[in-house]
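Q: My questions will all concern the structure given below.
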């Protein structure tokens with residue numbers, strides 16, 4: 001009965017001690033290797049485990065993984081790894097990862113594998129404890145202080161248990177009281193001893209305005225038979241001891257409380273506490289089995305050692321007076337289910353291209369067919385991180401089509417596998433990264449910009465090419481000789497006839513009164529507007545709408561010549577034309593390309609200002625299409641052209657004498673005589689400011705033509721009229737008038753209603769009668785053949801020079817080209833216009849009258865030098 005009561009009180013005391021130490025009790029901790037241990041298998045032939053030890057314990061002790069099979073324990077060899085595969089290291093430690101491979105093929109659904117860790121050597125300690133010599137009384141409790149006047153009363157209590165059972169009595173204990181300021185250390189604290197359960201503290205013991213702290217502990221009195229140590233209250237003083245194994249636990253102490261408990265504590269190097277766990281084991285007697293003390297309490301320590309505590313029950317101190325206590329390494333482990341911890345081998349990844357798309361293909365390795373699994377694919381740009389990659393979770397497939405990728409970009413992809421359904425595990429390792437580069441494709445924006453640029457460039461090229469081609473064409477066209485470029489025949493020769501150049505003839509010369517005066521007056525105000533309505537080119541002299549029938553071949557008998565000349569007086573006495581009569585359109589040269597040509601009915605075209613003769617043996621007909629390329633000489637004609645420079649170089653011109661028979665109604669007959677050849681006399685009248693050549697009448701019924709030193713570019717062929725010439729013979733040039741009959745060119749009287757005179761035409765070539773040209777070759781005594789007509793120079797009237805002759809009647813006339821202008825053979829662009837002396841007044845009264853009138857007005861007959869042709873026409877342009 002007494003023993004049962006003692007056991008009951010012992011258990012109550014242990015419960016009370018446990019309540020007092022409750023705030024320090026903690027559960028048994030798992031070590032870092034056990035926390036990080038994870039094992040997975042392929043469920044075929046191996047198990048892979050991953051765990052980590054702390055870096056601090058690495059130099060003190062090595063831990064070994066143990067694999068417990070059904071019939072044996074296998075030590076597993078592990079190697080260092082770069083990282084933990086499936087777990088994380090605790091934040092308070094620095095881990096050293098390890099990886100272990102365990103060959104194993106006996107897998108089944110009921111497997112529950114057990115793993116543990118063992119240090120590389122035995123670790124432990126042992127102590128013999130006599131109870132009477134290891135007594136530590138319990139600490140005081142229920143401590144409180146209260147003011148009492150100017151003193152402070154500190155009170156406490158101690159539970160000594162049943163006096164019948166307990167070895168400890170109030171006579172065996174005393175109390176030690178320590179006090180100090182709050183900021184002071186306990187080593188500097190003041191203390192006092194008392195055997196009472198209270199103490200009165202005087203004010204002189206304290207400093208004013210300070211906070212103090214006090215503590216009490218129980219001590220064994222000096223007269224007690226027990227020995228031991230005081231109760232806990234303050235930390236122990238630490239000092240350095242002799243060198244030793246720091247991984248070994250030390251300072252194992254056990255104290256019997258004198259009642260029913262044995263309190264033990266030990267210290268462990270703090271750096272090893274993360275890797276190794278220790279436990280307290282004891283034997284009540286040497287023959288008793290070893291038991292484990294629990295629970296183990298860890299005291300927080302600021303030093304390099306960590307203190308652990310554990311209390312042992314002492315139910316029968318008398319029966320078991322000596323305990324054997326030891327601290328050993330605790331073996332810890334856990335169970336892992338194999339079919340829930342499967343990790344497969346990583347797949348093998350490849351990539352293929354299908355036209356414009358890309359596909360990923362992979363193959364798995366060593367996967368049982370009955371284990372269902374799934375795949376996870378990640379792909380990204382090579383420059384990006386895997387955190388920004390795109391992830392696709394697929395079923396049990398072995399390929400995946402990638403979406404549209406950016407061109408000319410490097411991509412990376414990887415794949416892994418994981419078991420699902422009845423089996424479980426974790427993802428396998430990622431496969432090797434597969435890298436490829438997509439093909440380069442021109443962006444759509446670039447294509448649009450290039451097309452726009454090409455179109456714009458093409459338009460610019462076409463534009464500038466067109467402009468350049470047009471300019472080149474114009475330059476090329478300007479180099480082609482063309483009569484239309486010449487100002488000689490533009491606007492009817494308006495530029496060659498200044499308004500005041502003919503005023504002297506119209507107002508001062510009595511021989512020009514009447515129709516001729518009106519004719520000259522109209523020259524100053526003549527209008528060329530009618531040229532715009534003409535169907536022929538402005539260079540055409542003859543009106544294409546009204547031409548006359550060409551007369552028959554000229555009769556060389558004197559009668560024919562007389563008949564043609566009988567009409568001249570009629571023309572001279574003709575009155576003015578009524579104003580109601582329509583004015584004849586101003587004719588002009590006809591041209592087409594580089595050729596000049598008059599209507600077919602004329603040997604040379606008429607110039608503006610000359611009237612056609614009355615109809616002689618012909619009627620008006622519609623205009624025949626004139627040759628635009630040729631001017632025909634009269635059939636069978638022997639007319640020749642001689643340059644004036646050559647003619648004038650032979651001597652001075654003879655005076656022109658005209659027979660009085662020219663003024664009668666009868667036609668003057670040309671009597672062939674054995675005299676020197678008759679030459680044509682040419683006269684030139686030049687104005688003061690603008691040189692003007694007086695026209696020479698061709699004697700034809702269709703009018704006459706004016707000429708200058710040059711014509712526009714081309715190869716014109718002048719055509720002589722087929723009708724009889726109405727010219728009279730005059731004196732030969734350069735011969736005395738007494739030795740040869742004179743020829744005087746004479747124009748028919750010009751009606752008042754006829755058009756005004758046009759600009760000067762060809763000037764430096766004259767026509768020689770056949771008799772003149774043949775006289776040089778005729779033998780003496782044989783007269784020259786009679787001439788039908790010959791040009792006669794009549795002063796005061798326009799003169800005409802017959803067109804140049806060709807080697808045959810219809811041959812071409814070759815001109816000399818200088819720049820854009822052509823000149824007659826033998827003349828340059830700066831040739832001076834030749835002229836002759838005025839005719840003798842005794843031979844031609846009209847010429848004499850004109851000379852007198854001109855002499856009064858002081859019009860010199862000496863010619864002024866003409867400007868070069870090119871400069872002349874440039875001056876007309878500007």
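The backbone N, Cα and C atoms fix where each Cβ goes, glycine too.
Heads up, here are the entries from Swiss-Prot:
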- 139-244: domain 'Fibronectin type-III 1' (DOMAIN)
- 343-438: domain 'Fibronectin type-III 2' (DOMAIN)
- 62: N-linked glycosylation site (CARBOHYD)
- 350: N-linked glycosylation site (CARBOHYD)
- 752: phosphoserine (MOD_RES)
- 754: phosphoserine (MOD_RES)
- 765: phosphotyrosine (MOD_RES)
- 427-431: motif 'WSXWS motif' (MOTIF)
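Distances, neighbours, how buried they are, the whole picture for these features please.
A: Sequence-distant neighbours of residue 62 (N-linked glycosylation site) (same chain, six or more apart, CB under 8 Å from its CB) are 53, 119, 120, listed in sequence order.
In the three-state DSSP reading, residue 350 (N-linked glycosylation site) counts as strand.
Summed and averaged per residue, pLDDT over the motif 'WSXWS motif' (427-431) gives 93.
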Q: Going by DSSP assignments with H, G and I as helix and E and B as strand, what are the residue counts for the domain 'Fibronectin type-III 1' (139-244)?
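A: Going through the domain 'Fibronectin type-III 1' (139-244) residue by residue, I get 9 helix, 43 strand, 54 coil.
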Q: Can you name the residues of this chain that are 6 or more positions from residue 350 (N-linked glycosylation site) yet have a C-beta less than 8 Å from its C-beta?
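A: Sequence-distant Cβ neighbours: 360, 361, 362, 434.
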Q: What is the number of residues in the domain 'Fibronectin type-III 2' (343-438) that are helix, strand and coil, as DSSP sees it?
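A: Tallying H, G and I as helix, E and B as strand, the rest coil: 3 helix, 46 strand, 47 coil.
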Q: Where does residue 62 (N-linked glycosylation site) sit in DSSP terms: helix, strand, or coil?
A: coil
